[in-house]
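Below is one structure, written out as structure tokens, with a few remarks after it.
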Amino acid sequence: MKQGSRSEGARGDIRGYIQKTGERNLYRIKKGLVPNMNVEGHMYVNDKLKHLIDDEIEMYQLNRNSTFLPAVVQIANVSTLPGIVKASIALPDVHAGYGFSIGNVAAFDMSNEKAIISPGGVGFDINCGVRLIRTNLFYEDIKDKQDELAQLLFNNIPVGVGSQGCILCNQDKLDEALCLGMDWCVKEGYAWVEDKLNCEDNGRSFYADSNYVSVRAKKRGITQMGTLGAGNHYAEIQIVDEIYDKRSAKLMGIEKKNQVCIMIHSGSRGLGHQIATDALIEMEKSMTKYKIDVIDKQLACTPIHSKEGQNYLKAMGSACNFAWINRSSMTFLARQTFAKIFNQSPDDLDMHVIYDISHNIAKMEDHLVDGKMKKLLVHRKGSTRAFPPFHPAVPLDYQYCGQPILIGGTMGTYSYVLTGTDKAMETTFGSTCHGAGRALSRNKSRNTLNYMDVLQKMKEENISIRVASPKLIMEEAPESYKNVSEVVNTCHEAGISNKCFRLKPVAVIKG
């Protein structure tokens, strides 16, 4: 297949290759949809969400000369990559992305010398993720201060595309930070020791080596530490709206409805984007060297154990550390904000991190494949780790309930906390959904939604909102996304994650 031809490959009526299985909410994408599939695709979607998948397919089939590829074709394309095992997996928030769809999980056998690593399987915002902080406050404590809290958070947390961070950082400090992750934050006084214990990988990637991060990437990152960014990134003040699993919620410090939490969704900013861009350029060159031919040039990749593959892992690990520092820095700012308004210390307010999780990452993990334990490189792009109770990677506090999974909703809608399951380990490489997933493009949202209508809806829901860029009001409106409750329910019914509790926003801060 000629590299660069994005609309070739899918054969006939795509829907003929999608088959419902006997498992709840699980479809097969059969081999043959595109040439040279090594494994089939697995897609988790319920009846209410499947029409969005069908809409993407119909748009593609009406205009095959377009550069647009629907998520189903992208899932099939990923299955052609060298070294992939079991299946290319689509989760219910899946939608078209760069090379890999967003909401895709793909794992590659590290014992296979041809197995690859691909920046498209991680995404440009490396270690984009979510952090949830609890408090001992309840809605009654904040309802008269809701607008004041929203404004002070907006003032304290730098937002927007060109925002600059509050953490002054020189080149030496940045290099140290990129290698140490949250350990650097603890050392510098921006995080508590216990914060990192309830963080995926303890907030530090040991792949990281800042020597493999370009000067340009460092230049973009040095001013952005502790910044929210724009797009779908946010900081929200939320209240617990529903508790489904009281035992697990209690382990997370959540015991009653209306308890106040803070959710932060952000990533590695310009540094991560530049690392991804640099890697894609290098990998496009290296594919000729390693005789790799991809069905779509956006799937640029290289063998995991090659020099280029190892260089990307080290740079990607550095971006992961930057993102954990970024969310930790904003946690520091959120704690300061609450301390000022309530005239109590963050410790007195019980502002502890419940968990921090990534949904754009590639990681070496052990998984059972065809009855054998194998070391795999698991790519999760727009998908979240979902490890079960008693897994060694799950923090001590959560050994009995499984790993907390933080699912951010859309502006003005619910967010969820889930827990990991054994079924996820068996079927999805210990993975589940990450959020709502876009239903409308940003351009379509701007053209079809009304700014004032969206604001009025937020007002009716008694949600305070602060946003740096007005166009984001339409782009990030709930109508632009899939129904997050349907996404979460699909995964719960399929058994790949369990619902624990639901959160409702009362204040939203966006770039």
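Residue positions begin at 1 at the first shown residue.
Each Cβ is built from the backbone N, Cα and C atoms, and glycine gets one as well.
Of the residues proposed, Cys128, Cys491, the one Swiss-Prot records at the same Mn(2+) 2 site as His265, His359 is Cys128. Listed by Swiss-Prot as binding Mn(2+) 1 are Asp125, Cys128; the candidate from His233, His305, His352 that the record includes in that site is His233.
Taking the C-alpha atom of Ala235 (GMP binding site) as reference, the shortest distance to any of the binding-site residues Asp125, Cys128, His265, His359 belongs to His265.
Applying an 8 A CB threshold to same-chain residues 6+ apart, the list for His359 (Mn(2+) 2 binding site) reads Cys128, Gly129, Val130, Arg380, Lys381, Gly382, Ser383, Thr384, His434, Gly435. Asn360 (GMP binding site) carries a strand DSSP state (E or B). Candidate binding-site residues: Asp125, His233, Gly437. Nearest to His265 (Mn(2+) 2 binding site) by Cα distance: His233. DSSP assigns Gly437 (GMP binding site) to coil in the three-state reduction, placing it in neither a helix nor a strand. Cα of Asn232 (GMP binding site) to Cα of Asp125 (Mn(2+) 1 binding site): a distance of 11 Å.
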